[in-house]
Every structure is written in structure tokens, then in C-alpha cells.
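Worksheet: the structure to be examined is printed underneath.
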Amino acid sequence: VAVNLATFSYGTCIGWLSPATPTLQSRVTAVGRNDVTEDDTSWLRSLVFLGFLCGIPFFCYVSDKFGRKVAGLSTAIPAIISWLIIILGSSTKLVLVGRFFAGLSAGGVLLIVPIYVAEISEDSLRGALGTQVAIFADAGILFSYVVGPYSSYHDFAIICLAVPVTFLATFLWMPETPVYFMVKGEFKKARRSLRWFRGGKSHDMTDELTRMSVSLKETQGRNSSRSLIMNLLLDRAVRRALIIGIAVSTTQILSGLYVILSYNAADVSAISPLIVSLILLTAAILACLLMDRAGRKLLLVSSEIVMGIFLTFMGVYFYLEGQGVDLSNVSFIPVVCLGLHLFSFGAGVGPVNVVLLSEIFPPHVRSVCASICIFVMALLACAVSAFYSDLNNATGIHGPFWFIAAWCFLGAVFAKHCIPETKNINVHSIYAELRGRE
């Protein structure tokens, strides 16, 4: 819960813009008497992405050099700076700077929090605890949509500021992960850390430390003389894990959620942002309950198939509408399909991607590989922003829906045949399977 306060803070950052926009665009705005234009609003969104891209490599370095805990604590600093600028800023330019700092924090949170959670979790609980990252992020977004419209601009920012401050005050007392200590060869510290997280169960702890040590010797020892780049290129397990991570991250962006919500495709205005966030939160809670029971693979494959089906239906609807067919009696179809698509994403691709990126990579390259995957995901989101309108104009509104539906089906085939099931499996076993050893 302590570390996921950072994720909740990330959610409030993402959700802040929707309730704040009407105030920013009012005649007498919260940042002065000059109206905030549509271009300014677009920049408020875009600068978060720019900060996100800058934050990923920085927090990756901090994570490997100084530890997951220090990196996690560091994510609170740009978040606090962001809210202070928004509270105290007297111009639109200062608010834009504040959003850049919010993006810096967001990039670090999405990298560090899943890794920290995975490295402190027991194998049997790793999926459920990892899914809490998605739950807290969705809860933060929902919180913004609920509280923001009924608070003043400055009061809302002060409330949001309290979240990273609370995270800093609570997470400061949490230990470093035992896995990080083991990677650094500090075995006594690893034992103390594991004892804290396991509540002093010495017998189970000894067995777990032994498995952890064997796993690290297998992964680190095999590649100890190689540079990081050579590890990524020559180690079969790392290479396969990286391909899987990039593929799943790509599917997360091309599954349609980002396109639909960003461009109001399928008339998203028919479903309020509050309902959208509530659907995603409910789906994430269901995923938390199923992640260590049904497994990652089943959730991933089934959600991609279901999303592909509903996206196909939406494409057919808009194609027929474009041909002049009277669909007034079934005008509810896009809204229903959209709601079911959102739920499928929130119960499958979204949380599964978070969990997989934190567990399929060996500990000594985990931060770097996860950073690469998240960086690719962010770049792809930017590319989608740039080219969606062109595809829509070239093919009609139905074209993008069929394109992303086809990608979902392709992602389901890839997940079925190429992604190993990691439910209740330790790092050593995952590494061995990725190397192709029985």
C-alpha cells in the first residue's frame, strides 16, 4: 500500500486535466486573466508525455545505482514540484512546466513501483500484488474525476499535493528489496529485508533466500563477463523476454483504448470520464482476483480476443453508417461495445502488462529492460497521436477500428504461442523456460 501511494499520485496526475480544463479555459482563469487556449490544453497533455520519456532513463539509472527504494522516493520529488508550481504559478507557461515535472514522476512510477512490488512478493502472490499497481492508478484517476469538479482549482491541487507528500512520509520507512541486495552481493541485508517482508518466518525465509541465490548465480554468473548491451543481444532468455515485453507493450497501445479515449472515437462523450474510470477500476479488481488463479496467459489471450471482437463490431457499425444505412434502432451498439472493450482491457492487457514487465526479466537487467519496453510504449503512443487522424481520413472512421481489432487478434496469437505462463513460478524457472531448457 505504501509504495502504491506513488501509483495513486500518478493517477491523480493523469486525471487532473479533465476537471481542471473548464477552470483553465474560463474567462478569468486560475492562472491569470488570459484564457488558456485549446493549443495550451493540448500542450498540457503533451508535456506529460515528454516528461515521461525523460523520466524513464533517469529513474532506471537511479534504480540500478542506488536501489529501488531510493528510486521510488525520488519519484515523489518531481510530483511535489509539479503540484507546487500549479498551486503557486501565475501564468500558463508555469503550469506547462508543472505538467512536465508531473510526466517525469509518472515515468519513474510506472517503472519503479511494479519492480519493487515484484521483488518483495512471494511467488504465489506476485500477480495479485502486481495488479494493485493498476488498481491504485485507476483509483487515482477516479479520485480526480470525483473530487476535481467539486473543488476549486487551487484546493484540488493542494489535495493532490498531499498524496506524494504522504507517500514520501510512509515509504521512507520501507526496506530496500531483498532481490536488489542480493544482486549487489549484500546477503546479510537481503536476509534482514526478507525477514521484514515475511514477518520473521525463518524456515520459509531460508528456503526463499536459497532459491533466490541459486537463481541469481544462474542468471548473473552466466553473463558476469558481458557488458549490458551484450547481455541484451547474446543472452537467449533476456532477448526473448525483451521481445515479449515490447510485444505486450505495443499491444497495450494498439489495443485501441488510447485511440478511443484520446480522439473521442465511437462518441466516447456518451460515456462520462467518471464511468470510464469506474469500469477500468472494477476490471482491475477482477484481474487482481484472477491473476494468480487463472494465470497471466489466459487473461491476456482472452482479453485480446474479446477486445478484437468488439472493435470489429464497432468498425462494422461505423462502416454501415458511412454507407447510409439507417442504424437508429441500434444506436446503442458503439456505447455497449466501448464499455465491454474498456472492461476487457482493464481486466486483461492493462494489468497483465504491468505484471509481466516486472517478472520476466532477470534481476540484474530488470530495470533496463523494463525501461526499454515502457519507453517504446510511450513513443508508440506519440506515433498513434500523430498518425491516427491520417488513417481516419484515408479509410473512414471504421478503418482504425478494424486495424486495431486485427492487432488484438494478432496479439492473442502471439500471447498464446510465445509468452510463457509465469503464475506461481520463481525467477529461476522463468529464466530457464525462456532459455528453452526443460
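Indices start at 1 and increase along the chain as displayed.
Just so you know, glycine gets a Cβ as well, placed from its N, Cα and C.
TrEMBL labels come from automatic prediction, so no person has curated them.
Bear in mind that the values here come from a model prediction, so they are computed numbers and not experimental data.
Feature annotation from TrEMBL assigns domain 'Major facilitator superfamily (MFS) profile' to 1-423.
Long-range contacts of the transmembrane segment (43-63) within the same chain: residues 13-14, 17, 24, 70-71, 74-75, 78, 95-96, 99-108, 111-112, 115, 367-368, 370-371, 374-375, 378-379, 381-382, each at least 6 residues beyond the stretch ends and with a Cβ under 8 Å from a Cβ of the stretch. Taken from TrEMBL, the feature transmembrane segment covers 43-63 (among others).
Residues 3, 6, 9, 13, 31-32, 51, 55, 59, 62-63, 97-102, 104-105, 108-109, 111-113, 116, 154, 157-158, 160-161, 163-165, 167-168, 171-172 of the same chain lie 6+ residues outside the transmembrane segment (70-90) yet bring a C-beta within less than 8 angstroms of a C-beta in it. Annotated transmembrane segment per TrEMBL: 70-90 (among others), in sequence order.
Residues or ranges marked as transmembrane segment by TrEMBL: 96-117 (among others).
Feature annotation from TrEMBL assigns transmembrane segment to 129-150 (among others).
Look at TrEMBL and you will find 156-174 (among others) tagged as transmembrane segment.
Annotated transmembrane segment per TrEMBL: 241-264 (among others), in sequence order.
Look at TrEMBL and you will find 270-291 (among others) tagged as transmembrane segment.
Taken from TrEMBL, the feature transmembrane segment covers 298-320 (among others). Only residues 6 or more beyond the boundaries of the transmembrane segment (298-320), in the same chain, are considered here, and those with a CB under 8 A from a CB of the stretch are 248, 251, 255-256, 266, 287, 290-291, 327, 330, 333-334, 337-338, 340-341, 344-345, 347-349, 351-352, 396-399, 401-402, 404-406, 408-409, 411-412, 415-416, 419.
The transmembrane segment feature in TrEMBL is assigned to 332-356 (among others).
Long-range contacts of the transmembrane segment (368-388) within the same chain, counting only residues at least 6 positions beyond its ends with a Cβ under 8 Å from a Cβ of the stretch, are 49, 52-53, 56-57, 59-60, 64, 107, 110-111, 114-115, 228, 232, 238, 241-242, 245-246, 248-250, 252-254, 258-259, 262-263, 357-358, 361, 400. Per TrEMBL, transmembrane segment is recorded for 368-388 (among others).
Same-chain residues lying 6+ beyond the ends of the transmembrane segment (400-419) with a Cβ under 8 Å from its Cβ atoms: 243-244, 247-248, 251, 254-256, 259, 265-266, 296-297, 300-301, 304-305, 307-309, 311-312, 314-315, 318, 349, 356, 388, 391-392. Taken from TrEMBL, the feature transmembrane segment covers 400-419 (among others).
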Worksheet item: Hey, would you say the transmembrane segment (332-356) packs against the transmembrane segment (129-150), going by three or more CB pairs under 8 A that are 6+ residues apart?
Response: yes
Worksheet item: Apart from its near flanks, which chain residues at least 6 from the ends of the transmembrane segment (270-291) lie with a Cβ under 8 angstroms of it?
Response: 15, 18, 127-128, 130-132, 134-135, 138-139, 141-142, 145-146, 261, 299, 334-335, 338-339, 342-348, 350-352, 355, 423
